Amino acid sequence: MSREEELRLNLAEVRARIAKACETADRDPAEVTLLAVTKTFPASDVRLLHGLGLRDFAENKDQEARAKVAELGDLDANWRMVGRLQRNKARSVLTWADRIDSVDSARLVDALVEAAAKNGVHLDVLIQVSIDGDAARGGCPVPDLPDLAARIGRSSELRLRGVMAVAPLGRYPGEAFALLKGAVTRLRDDHPDATVISAGMSGDLEDAIAWGSTCVRVGTALLGSRGLTSP
Ligand SMILES: *Cc1c(COP(=O)(O)O)cnc(C)c1O
């Protein structure tokens with residue numbers, strides 16, 4: 001089987017899962033964006049997925065993404081940064097990412113504001129929320145969310161478009177996604193444009209859709225296993 005055929009079958013399966021989850025949740029599948037997480041996979045795979053109709057892609061490392069996106073400059077595609085971002089990478093990430101989904105600290109907000117101002121651009125961002133408050137895994141703890149959102153709201157360079165979360169390990173994911181939904185619903189009182197809920201991956205996208213996810217981030221189920229050496 002060719003790689004294209006393999007990706008076509010995987011994509012059909014993922015789309016069917018999304019459709020079924022939406023039907024169960026009585027939601028319109030058009031509300032749920034499929035974001036293909038292409039980290040560790042070559043640009044050629046992105047090109048094939050694009051040929052199969054996908055337009056939204058995510059990477060988690062600045063250096064890898066920058067090289068990959070440069071190879072794909074001819075494609076009309078949206079690129080999201082979903083990995084931990086160091087402040088000294090703020091300018092670099094702006095060269096390839098259309099949205100930063102992993103904003104989780106005031107210091108990172110300030111670095112992105114400065115980089116965007118220097119480049120004269122506006123930047124869409126999501127706040128990555130830490131549902132269990134485990135700082136080691138990144139993300140803004142839920143109690144700190146209003147302050148971080150306000151800081152983004154005060155800048156003219158950044159636009160807060162919503163939240164992203166990874167379900168904590170060893171806990172029923174639905175519970176985590178319910179907490180996330182509550183947090184973003186409160187956030188929308190002051191930030192009405194924060195409409196994106198990026199939640200759900202290959203293993204838990206059904207639970208995430210049941211809890212209002214508008215963006216599922218799928219790597220393995222589309223592209224296959226990343227192997228043991230990769231995150
Ligand atoms: C790798 C990654 C994903 C995709 O995970 P899969 O389980 O392979 O679907 C989603 N979100 C983030 C932030 C990731 O780093």
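The backbone N, Cα and C atoms fix where each Cβ goes, glycine too.
Annotations in TrEMBL come from automatic prediction, not curation.
Per TrEMBL, the feature domain 'Alanine racemase N-terminal' maps to 10-225.
Following the DSSP three-state reduction, the secondary structure of K39 (N6-(pyridoxal phosphate)lysine) is coil. For K39, the entry in TrEMBL reads N6-(pyridoxal phosphate)lysine.
The average pLDDT for the domain 'Alanine racemase N-terminal' (10-225) in the predicted structure is 96.
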